[in-house]
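Q: Questions regarding the structure given below will be posed in turn.
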Amino acid sequence: MSFLIPNPRLILPARRLALPSSRSTSPRQLLHGAATASATLSSPPSNTVASGVPSSEILSIRDSLLSRRRTASEIAGEYLDRLHKVEPQIRSFLHVSESAMKEAEEVDRMVAAGRELPPLAGVLVGVKDNICTVDMPSTGGSKILKGYRPAFDATAVRRLREAGAIVVGKTNLDEFGMGSSTEGSGFQVTANPWDLSRVPGGSSGGSAAAVSARQCVVSLGSDTGGSVRQPASFCGVVGMKPTYSRVSRFGLMAYASSLDVIGCFGSSIADVAILLNVISGHDRLDSTCSKRDVPDFANELVSLNNLDSKPLKGLRVGLIRETIGEGVDAGVVSAVQAAASHLEHLGCVLNEISLPSFSLGLPAYYILASSEASSNLSRYDGVRYGNQVGNGELSSIYGHSRANGFGDEVKMRILMGTYALSAGYYDAYYKRAQQVRTLIQKCFRDAMNDNDILISPAAPSAAYKIGEKTNNPLAMYAGDIMTVNVNLAGLPALVVPCGFVDGGPAGLPVGLQIIAAAFCEDKLLRVGHIFEQTLQNCRFVPPLYGAT
């Protein structure tokens, strides 16, 4: 019996998951978008097979090196050529390594000498610019840190290098991670590879766009309220936010310390699993880092050839009702409902569930995140950290350095957080937000008692136009409504591309968010891998790739 399921838009059961009538995109239109994207490719990228099922680019590189079909220098050269060709249009990177080719040549010498290759040998990795690197600038996307070079690597970066990875460069972001579109960078605006007039999401938009445009193999981002998952959805790549404390935060520039997590981007689940394996685990330099054992995420993935007709039989899936209602674009709802139907055909037991506290997450998140940012960013004063502006009285140096170094969004969030923490308002805002956080955590625990995973859209819309929401911060904040609750609860979540909506030259990708209980990343990756392999007629390779 064949287990490959046709595009779920063709089998969506009208009896239960009826599509909205007003702005809905038809199955024919969605498939046309996917076909158009495929047709623009000059040749299939190496991480897709004939059926369009993504496979591991990391394992493909390793196999090429071990078999000596290709050298690390050749592979690095191809990626760097593509990076430089599309960078003027995409603007994913704030800094590109000058030593990438030398590191690739060192890998070739290891191969020639017959030495054992580390797991990420020859793999080019992009690193978000709020994650410290000893050999490249780390600015956090802010002018106040322009030119800053740390004296150390973040733990996640150190582990990448120890695993043989080549850090190809530092990717663009909203300043200090405060934003949802990467328009808030202090240096440049990144474009979405699917449509250069649209945002890639944020704050890790540079990391997502770089993977989507095949400028690097995989990348690191950070996720405080959805900054890995929303860009993954907008750019049509896989994004993983691990459980809080699974990955060390040492070397990550703090925005909101109780929410920040380093996450992963890749063009396939397998690549994300391999990357997560490398960077996870206890770190004595981070007192919040968990001592739990790290499973072999990649080794637990089941290949396409070993799946039966109902590979997810009995898995209990809860579709969060509050995420498919008012305020969510009809095309996104259609794609997620179709993905839910796909999971049913894979054997899952699907139920629509309610999280009563869901709507409270967004205001609670912005109070808590802004309050923590107010404290964390106080160190950037031109004396302890940051470029100094002016001279004279200390208060004058502080004022001028911060006024010239911080952007408008950062200033606004610092002011919001300072207000919420001030005497007379602490109980009304910060304390109340912490109480809401506890309520949200309880709601998720209750939901996980009855379901193995929860699903929702990763964002209420597909990628929107650059400049569309810059003058409406409340509308931009509302775009985080699907993701912030997961951070408040400290849970892991995975975003996997699940379909398209109309827009751009070849349609715009939509991501499915899958949520599990704490430290159950292995479950998320197994489910996502099966979903990814059995979804047909969708190839998430942007049309820009064909131009390179």
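Cβ from N, Cα, C; glycine included.
Copying in the features that TrEMBL gives for the protein in this structure:
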| type | residues | note |
| --- | --- | --- |
| REGION | 22-53 | region 'Disordered' |
| COMPBIAS | 34-46 | compositional bias 'Low complexity' |
| DOMAIN | 76-525 | domain 'Amidase' |
| ACT_SITE | LYS128 | active site, charge relay system |
| ACT_SITE | SER203 | active site, charge relay system |
| ACT_SITE | SER227 | active site, acyl-ester intermediate |
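Context for these features, please: burial, neighbours, distances.
A: For SER203 (active site, charge relay system), other Cβ atoms within 10 Å of its Cβ number 34.
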Q: Starting from the Cβ of SER227 (active site, acyl-ester intermediate), draw a 10 Å sphere and report how many other Cβ atoms land inside it.
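A: Other Cβ atoms found within 10 Å: 36.
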Q: Would you mind reading off the Cα separation of LYS128 (active site, charge relay system) from SER203 (active site, charge relay system), to the nearest angstrom?
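A: Between the alpha carbons of LYS128 (active site, charge relay system) and SER203 (active site, charge relay system) there are 9 Å.
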Q: Looking only at C-alpha atoms, tell me how far SER203 (active site, charge relay system) is from SER227 (active site, acyl-ester intermediate), rounded to the nearest Å.
A: 5
